[in-house]
Amino acid sequence: MIHDKENKRVVVKIGSSSLTSSQGELSRRKLEKLINEVVLLKDEGYEVLLVSSGAVAAGYRKLGCLTRPDSLPERQAAASIGQGLLMETYSELFVSHGYIASQILLTRSDLANEERYNNAQNTINVLLERGVIPIVNENDSVTTDELKFGDNDTLSAKVAALVDAHQLIVLSDVDGLYDGDPKSSDSKLIEHVYDITEEIESVAGGSGSSVGTGGMKSKIDAFKIAMASGISAFLGRATVSNIIYDAVHLQARGTYFDPNPESLNLDKKQQWIAFNSGPEGELVLKNSRVGEVIEEEVHIYPADIEAVRGSFEKEAVVRILDEANVEVGLGVVNFSSSMIKQWSDVDSNLKSGNEIAIDKEQFVCHLTTKVSMKL
Ligand SMILES: Nc1ncnc2c1ncn2[C@@H]1O[C@H](COP(=O)(O)OP(=O)(O)O)[C@@H](O)[C@H]1O
Ligand SMILES: N[C@@H](CCC(=O)OP(=O)(O)O)C(=O)O
């Protein structure tokens, strides 16, 4: 389902430190401030989705822990308490303004499966089109470390891409991206980022609070996903008055991440492959073929392949590498790994008298996206 492009769609990510007090309790005052700003946008006709952290931070004290627990089962138990408290408060406050909030809890595997990805997209689209404010968080209570998004920064960017948002607003406890340690008076706020270069990545450090998890590194990963999907993004301080409303109107103090319209703008299939799919194997290209595959985007035939790694079925997503193991992108295979191995190993097959019919017209893969996020 494609939403009405005239309807401005905004995804707002709110970090734990912006929703809870330093004593590990949900802060109703902080929530009220943010909800009032979301209501201003709703009243202007915007569709708004919140990606809200804070389940663990709002729940650990009630679980009987004095600080944010380190053990996974305790964090999951804390999230089970805190998520309920968060939703109770969000629902009550939005209802007092005449709006309905809904809860969507996701795990990485929900988005790694294309059918479930499309299903999540359809559900959220219905909610947004009907004026509901979906509140998304990771399904912390059941997600094991291997299945985690890791943090809500990248989750928010994946959700923004999923719903074709116009803007992603990330609110934190800092005014934006600084060119050094934000606590140092020598560091300056970077107001616009047009490209996430190595220099930008190098200034991003870890979290500065006792409840935040990703720090600036995971926010930069999130902005990469947003920019590659053609979505403008903003990073600013949650406590500044009217920050959400002003960021949407490009008036807020903070860092604006502006995607270049000429550069990458992945379609839905490419976005799913690049950010959510999870490759199941690898095709190593012969170096002599790499240039044409990248620049002219020609199909990949058995004779182009130096090695096949992993065991996968037809239609799996695979990483495409050169002989030095440098990734050139991702693609979807037309045949299983065993079939491609046999076909690409034709010389040794011939030598052993074990000739295998190759239809040279059958390409085995296509470079679907050069962007691949190792997130
Ligand atoms: N270059 C930087 N610019 C701004 N903040 C940075 C930078 N490098 C690291 N940080 C840290 O990232 C923190 C925000 O991330 P995090 O603690 O995960 O917050 P949240 O809970 O809002 O997601 C800031 O408070 C700051 O200490
Ligand atoms: N899903 C977790 C939050 C994980 C997370 O990314 O937290 P934060 O760095 O505060 O945005 C929770 O609700 O506690």
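Glycine is no exception: its Cβ is also placed from the backbone N, Cα and C atoms.
TrEMBL annotations: computationally assigned, not manually curated.
What TrEMBL annotates here:
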BINDING   LYS13, SER172, ASP173, THR213, GLY214, GLY215, MET216, LYS217, SER218, LYS219  ATP binding site
BINDING   SER53, ASP140, ASN152  substrate binding site
DOMAIN    281-365  domain 'PUA'
Expected list for ligand 1 (Cβ under 6 angstroms, binding-site residues ASN152, ASP173, MET216) reads ASP173, MET216
What's the CA to CA span in angstrom from ASN152 (substrate binding site) over to ASP173 (ATP binding site)?
15
May I ask for the distance between ASP140 (substrate binding site) and MET216 (ATP binding site), taken between their Cα atoms and rounded to an integer number of Å?
21
If you count the other Cβ atoms within 10 Å of each Cβ, which of the binding-site residues SER53, SER218 comes out on top?
SER53
Determine the binding-site residues, out of LYS13, ASP140, ASP173, MET216, SER218, lying near ligand 2 in the sense that the CB is under 6 Å from one of its atoms, and give them in sequence order.
ASP140
DSSP helix/strand/coil residue counts for the domain 'PUA' (281-365):
26 helix, 24 strand, 35 coil
Including all protein chains displayed, how many Cβ atoms other than that of MET216 (ATP binding site) lie within 10 Å of its Cβ?
23
To the nearest whole angstrom, what is the C-alpha distance linking MET216 (ATP binding site) and SER53 (substrate binding site)?
15
Look at the binding-site residues ASP140, ASP173 and tell me which residue has the greatest number of other C-beta atoms within 10 angstroms of its C-beta.
ASP140
Which whole-number mean pLDDT does the model give the domain 'PUA' (281-365)?
81
Just how spread out is the substrate site if you go by the largest Cα to Cα distance in Å among SER53, ASP140, ASN152?
11
Going by C-beta under 8 A and a gap of 6 or more residues, the same-chain neighbours of LYS13 (ATP binding site) are LEU50, VAL51, SER52, SER53, ASN152, ASP153, LEU155, SER156, LEU168, ILE169, VAL170, LEU171, ALA222
